[in-house]
């Protein structure tokens, strides 16, 4: 009965609050609205000053006449009671109105312990790198089995599921329904993506923006492919991990990989366009680097029980989330109670002001005054006007400054703030660099602009052995340098990064550029001479053995389309088959597989090659000459040209 009555008047939350034991003291969402209590205080002071003014100016013999109304009201007990109740209800009305606008709230007691536990969101690598069978039975199946065990071990937390396949796919937001988690877990096997390298930065950026994940935990099951941490992609991953840290989200990572191996599809190794097997080599130290940025932990997979124990211990080390007082889901609003008190006090004021007269007297009194008493409508209008004006003044006073500044942006202030932010990031990067936190330093430098930021990011990437990203950053630093000293420093470090990246010819050019800068820096000049000599000797040693030379392999790939010996090329085998060689010709005699005379293209071999091209749907006949010209034994013409035959157009 009491509950239904409370629901009718909108007091359900109030009734639940009163039934709690022990009773929780409410807090105010907008305490500034209590400033409305200054209005009745000002009215009381004004009335008291008016009374004192009459007493001061009236003669002693006239004071009784001046205060006749008050003396007549206090002659009877009803008048005295009425004289005390009206100010009391008036004060109660203003207090209730201010308290209603201030928004009293209390924390919900239902499921409070479960709600404050950190939510756990599983991010699963769903790329082709998870098909490697370096763990039993493979990485993807191992991760799924681990998730099944973790769903049981962490059943007191709200669990969610997200896949990382180049894009962030949120399958299930954090929820307490274990059946939903088990259902979506079964879908992982059908969501495999052909992308070879994971891109977790997008998933981390999205999680950092999820309000429900504040103070939560991300359990990342990844292949840890080394290629995903190189260059600009690796820099974005560091920035995304830093975003998780700012959002108070910890990263607990498990590299579900062994020693590495080939990517598989239907049990067969995947190959690229050059017919080379694609392999995945894990880099667990890079995974641990990302987890460290968030204050989390990382490990490489061992046995399933050990992995479950590690993750469970890491999750239990995360403190419970403090109740968010600004979250509507975790609060019970008690504004209905003071609002009802305000209405009741207003009705009581109206009844006491009328003196419980008949309705016609109320209407007459409400609409027009008599000779001695002002109308009640005047008091009501004054009260409503005061409340509205106070609300308006408070709203204008505490409005966000950005709402007014948005119409006319201050570009000068924005530029100053941008430079100040850049200086702060560069200073933070320098501190992290000196402390040996190279990942944190790279994140700080990458968030800033200018020469110092690019130079610092290059140094941090160099210390992290990410030479590709170091080369990019140091090249920009050379361009942005303002003084010869800055150019020399950036170019010298660029030469070091190019050397360790295996780009020796470019490294030699970088050191030569350092020597050409005027005025020279003696220290850098001597070091550049030494390094250039070392690189020059490396280039000379590679030139002696052309097969191991980077330049020779690049020339060979550009000319022939492969790195192997042309005598063992696929085209050579195809031509041998066209001459009648069997599939097992590798075991045949040398005379059966190799011609005794130098090979020359003629009409017969041309016809055989073109007949094979007819098996291709698009039949790229114009491509034939280009394919044949890639052979090192190619002669200028398909047939031996006679005296009157012209050379084909474009022949080398």
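Quick reminder: no glycine exception, Cβ is built from N, Cα and C everywhere.
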Quick check on the annotations: TrEMBL lists transmembrane segment for one of 376-399, 400-423, 424-447, 448-471. Which range is it? 376-399
Quick test of your reading of TrEMBL: among 13-30, 31-48, where does it put transmembrane segment? 31-48
I'm validating the feature mapping. Which of 89-107, 108-126, 127-145 is tagged transmembrane segment in TrEMBL? 89-107
For the repeat 'TPR' (488-521), what does DSSP give as the number of helix, strand and coil residues? 26 helix, 0 strand, 8 coil
Which whole-number mean pLDDT does the model give the repeat 'TPR' (488-521)? 90
